[in-house]
Structure formats: C-alpha cells, structure tokens
C-alpha cells in the first residue's frame, strides 16, 4: 500500500510540480520558480518516506523505540552534512552549489537512506517479504485496512487542507515576500518543539494500550495520567524556552530586519501553542492507542472548522492572525482532548456506588 500511494505521489510531484505548488502559491508567484524544482526532486523520496513510516510504526508496535531513534539520528545526521555541501558546494574544490535543488536532494537522500535501513531491518526480522512488497494488494485484503483506517485518513486529509490553507494565506499576503518569509520562519521554529510532542504522542499510543492489555483499565489510567502530566510540563517548558530564545533564534533564519521584525510576535504566539500541545498530543496518543479514531477525526474536524473560520476573517490578512488561527485550532483540540479523556473516552472516570471517581 505504501509503494502504491508513494508511487502516485511521486508521479504527481515529479511530473506535475506546478500543479502541486499552486495548492499554496497563487498563479505567477515569484516563489514558484524555486518551489517547482524543489518539489520535483523532493518527490523522488515519497516511497522511501512512506516505508520509513511503516517501519517506525512496526517497531513502535513491538515496543521498540530505540531502533527508530537510531535510524532517525543517522538519517538526520546525513541530511545535516549533505545540506550545506549540496546547497553551497565547495568553492575551494571547484564544486558549485545547487541552491534549493541541493536542499531537496539532501532531504530526499536522507529519506531514501532511512527507507532502505528500515527495509533491511524489516527483512531481517521477517516482517516483510519481496513477494508482498512488489505485488499490488488485493482488494479483499485492502478493504478491511481502508475500513479501519478511513477515519485516520479523513483526519489527516482535514489537517492537510487546514495547514495548506494557512500557508496559502501567508504566501499571498504581500508581493514583497516578507510575510511569507516570516511565516516560514515561525513554523520552522515551532516545528522544533512539535518533534518533542510527537514523541509524547507516540509514547501514549504505545504504553497506554499495553498497560490496559496487561493490567486493566486502572493501570492504563495511571499511565495516561503520568503521560498527561509529563506532556503538560514539557509543553510549559517549551513555551518558556521559546519565549526566551526567540530574539536569538529569529536572526539565524534571516538577515533582513523587516523579516525578523515580522516573525518575532508570531513566534511568541507559537510559544503559547506549545503549552496547549502539552494536552493535545498526550490525548491524541491515548485515542490512537485505544482505537478512538472516529472521535479523534471528529475533534480534528471541529478544530479545523474554527481555524478555517478564523482564516476567512480579517485575522487571515496578517501573519500574527494566521498564527492566532492555528492557536484557536489547538485550543479547541486541547479542551476536547481533556474532555474526551475524562468524560467520554475508554479511560473516563466511571461512577462507582453512586459517586463519581475523582
């Protein structure tokens, strides 16, 4: 399935990069000259990237978190080394840089490396076979997977639409490109913290159902409570750290004073989003691990609806307004996650002898 979907994605990005770029960029945007070559080379790693996702999920299902960590560290180290070499080249050796194309090739190469490593590991553990990897899936075997994953696919599609909409608002805001550059910087800084919270999500998705299966609901609640506590603490620390670091980090991304100034306040807003994420990602992890995918999709749809409404208002005309719209999405998510966990989810506090369990 990953090969099939990855091949379709690769054909679209490599063969029709202009079509893909128009999802974010308006017609005739100057950035298209850089975006389209980037997408064409970046699309070459679609299949390996999906194989990496399958490998990560397989090892997480086996409660092995160290192997994915090692693979990720190796792939990112390769990317870190290849990026400056391919972007700027080595002038002293007569090697010219490739600019944006070099960045795309470096990232695609790192993902190909990760995909190949996971393939080797999965073959070694006899979790996959060549006869299945290269053979298109039968509809009879694909249908149950699609039925189970339909809500998850719908949720991911909703998320993609929302953040593509936000990026398009930023890209079309002003012809100078200052707003687009500021938004890009803000989201890059924000994504550094998201990586940590995704680890909290994966921890909840792995440990909570495992605790439930081995020791029952009470133990699963205790594990979930601890993960929520750690998530909240990590989110708060991330928010504080980003507030302190913003004046130092933003100049690393751009030397233009107007871009730096445009990025500072939105970057501070994302600090608050990190605090909200301290409740969002543990809740999402619990819902994923316990199979509450339909509820998760509904919660996501509600948050995205609020975000799109904000983007359609005057908030969508400013960078800080776009980031505030994203904050509104995460606020809805945070409230819904806590409410679902405490009141309606599989781990909700049930009544015993007529009294609610605190």
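Placement of Cβ uses the backbone N, Cα and C atoms for every residue, glycine included.
Owing to the predicted nature of the structure, the values given are computational and were not obtained by experimental measurement.
The range from 196-216, 322-342 that TrEMBL describes as transmembrane segment is residues 322-342.
Only sequence-distant pairs (6 or more apart) were considered; of these, fewer than three Cβ pairs between the transmembrane segment (100-121) and the transmembrane segment (228-253) are under 8 A, so the stretches are not in contact. Stretch with the largest number of CB pairs closer than 8 A to the transmembrane segment (265-284), among 44-61, 228-253, 296-316, 322-342: 228-253. Remote same-chain residues near the transmembrane segment (44-61) are listed as 2-3, 5-7, 9-10, 13-14, 67-68, 71, 75, 107-109, 111-112, 114-119, 121-122, 127, 202, 205-206 (criterion: CB distance under 8 Å, separation of at least six residues from the stretch ends). Same-chain residues lying 6 or more positions outside the transmembrane segment (322-342) and placing a CB less than 8 Å from one of its CB atoms are 162, 166, 169-170, 183, 186, 224, 228, 266, 269-270, 272-273, 276-277, 279-280, 282-284, 286-287, 292, 295, 299-300, 302-304, 306-307, 310-311, 315-316, 348-349.
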